[in-house]
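Single-structure report; data block below.
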Amino acid sequence: MTAQNIDGTLISQTVRSEVAARVKARVAAGLRAPGLAVVLVGEDPASQVYVGSKRRACEEVGFVSKSFDLPASTSEEELLALIDELNNDNEIDGILVQLPLPAGIDTTHVLERIHPEKDVDGFHPYNVGRLAQRIPKLRSCTPKGIITLLDRYNIELRGKHAVVVGASNIVGRPMTLELLLAGCTTTTCHRFTKDLESHVRQADVVVVAVGKPNFIPGEWIKKGAVVVDVGINRLDSGKLVGDVEYDKARESASFITPVPGGVGPMTVASLIENTMLACEQFHTEQ
């Protein structure tokens, strides 16, 4: 068997079109368009690329996008003061602070300062806690995007054994919670996991987010498994590859996300959905 590719570019465009229609309906009803504040500290080239794509996506769906590009010398106090200002701005529904932050700024302090109802990245402990208690509101963007992909492809998760490789706060941990919520029996693997291969070989669904090119050999993938590759790594040749050995894995898998064009576009689509949700649920009276 050869796996069917899960087309994240196509699904993300569908999600954006759905949000754009909701924005249009809001504006036609005399309500303001949703507003997203995007904060970038420093001049990290990769962060500038990510922020640019997020701002463009906002404008495409009709959001009001406010940009705050701060120098790398910005202090934590100055950044927290800006977040306080944005928390109190009634025309801002979502606040996104691009990570990583420069040395000297405590990321936890910054993320916890964002009001939970404006935390459209889904990183605030309150929102992660809601997901853990099975009452999610604003959900972490990449895991949410993955669940959307699987749902749009009608991939049944209930009763499946899902293995998540990687336990970061941004992907691995919230992904485990999302899969639990979807009815999976979940295993989370990390750097202390013994015999990673045996876990991956048992997986009906495997989600890999470690940031190491071709980290999971394709031969580990069980026949008929669903493979979600969150990694995006550039080889010396310039080629972009994921964390899973794609060509070999697709010989066994039933579905697989390609890199690029799989999970990546869905992260931004989820951010757009979260901002729309925050506007509709929390700030409708404005």
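From the backbone N, Cα and C atoms, a Cβ is placed for every residue, glycine too.
Given the structure is predicted, the values throughout are model-derived calculations rather than measurements.
Here is what Swiss-Prot says about this protein:
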{"type": "BINDING", "residues": "G166, A167, S168, I232", "note": "NADP(+) binding site"}
Q | Which same-chain residues, if any, lie at least 6 apart from G166 (NADP(+) binding site) yet have Cβ under 8 Å of it | A | G172, C189, H190, V207, V208, A209, V210, G211, V230
Q. List, in sequence order, the same-chain residues at least six positions removed whose CB sits under 8 Å from that of I232 (NADP(+) binding site)?
A. L240, G242, V259, P260, G264
Q.
For the NADP(+) binding site, please report the maximum Cα-Cα distance among G166, A167, S168, I232 in Å.
A. 16
Q: Just jot down the residues in the same chain as A167 (NADP(+) binding site), at least 6 apart in sequence, with C-beta under 8 A of its C-beta; none if empty.
A: R173, T176, T188, C189, H190
